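Chemist: Structure below; questions to follow.
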């Protein structure tokens with residue numbers, strides 16, 4: 001019989017409890033090197049193109065588009081995107097090194113800013129779509145009540161809601177050690193994984209049923225508690241995030257563009273095929289923006305920063321281009 005010295009752990013494959021019984025949890029998803037390096041290259045390109053594209057939009061909307069109410073939406077959308085782009089270098093380094101090197105505080109800030117970008121972009125796009133619906137379906141009312149002050153106030157409310165609704169991400173983000181590497185992830189519950197160690201004295205001592213029960217069942221019980229708390233936080237955090245930040249905006253955008261298409265199609269002077277191209281582009285960009293902003297269940301399940309998707313080269317540039325050629 002092999003002796004276990006102080007500090008050794010149960011081996012796997014011998015009918016004993018592995019060192020980490022929760023290692024197969026979704027929280028410990030590992031990314032292969034080809035995917036990681038491909039994501040690194042795409043993230044670097046996104047960082048460069050996003051910085052240039054959004055800086056160009058901010059320069060044009062801030063200094064050249066005068067007396068145009070739409071510039072307020074595009075400017076805020078570009079600001080939301082460029083703030084995220086400034087955080088991308090942290091993400092790129094984490095991808096390349098396969099570890100988080102910037103500490104616990106920057107981990108919280110990175111996830112918080114990323115979530116703020118996600119909310120701000122989606123809410124601004126949704127509000128911009130509603131603004132276009134009102135301009136098309138109720139042009140007189142829209143012209144009367146739509147002003148620069150209303151737009152600025154709306155954007156301010158969006159940013160305040162974004163900042164407040166993203167606070168849970170700040171508090172839930174933390175560093176986690178996985179396979180000797182520090183990862184930045186969303187931690188809903190602290191993993192209470194008990195590693196039981198035996199010494200020579202333990203092996204020669206009289207067997208105790210209570211000790212064996214604690215040795216074999218305590219880690220599994222810890223996992224069950226973590227799973228229960230994870231389900232609770234899923235219902236309290238993930239589902240509200242998905243409903244408020246994804247499904248409701250998606251429904252509003254789709255429904256609004258259907259109304260726009262029906263209203264504008266009645267006009268004989270409108271190029272219908274061009275109108276449909278613009279509407280389809282707006283819908284696809286909106287869906288892509290929401291899908292790549294991190295609104296996947298994996299993101300909210302607490303994956304590491306290395307697995308979070310890259311996003312947004314310049315949403316404002318796309319929407320400004322569509323608005324410039326828009327027929328409604």
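Each Cβ is built from the backbone N, Cα and C atoms, and glycine gets one as well.
Remember, it's a predicted structure, so these values are computed and weren't measured experimentally.
So TrEMBL says this about it:
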TRANSMEM  37-60  transmembrane segment
DOMAIN    53-285  domain 'G-protein coupled receptors family 1 profile'
TRANSMEM  72-97  transmembrane segment
TRANSMEM  109-130  transmembrane segment
TRANSMEM  150-171  transmembrane segment
TRANSMEM  238-261  transmembrane segment
TRANSMEM  273-290  transmembrane segment
Chemist: Answer with yes or no whether the transmembrane segment (109-130) touches the transmembrane segment (238-261) by the criterion of at least three Cβ pairs under 8 A, sequence separation 6 or more.
Modeler: yes
Chemist: Please give the sequence-distant neighbours of the transmembrane segment (150-171): residues at least 6 beyond its ends with Cβ less than 8 Å from one of its Cβ atoms.
Modeler: 69, 72-73, 76, 108-109, 111-112, 115-116, 119-120, 123-124, 127, 186, 237, 244-245
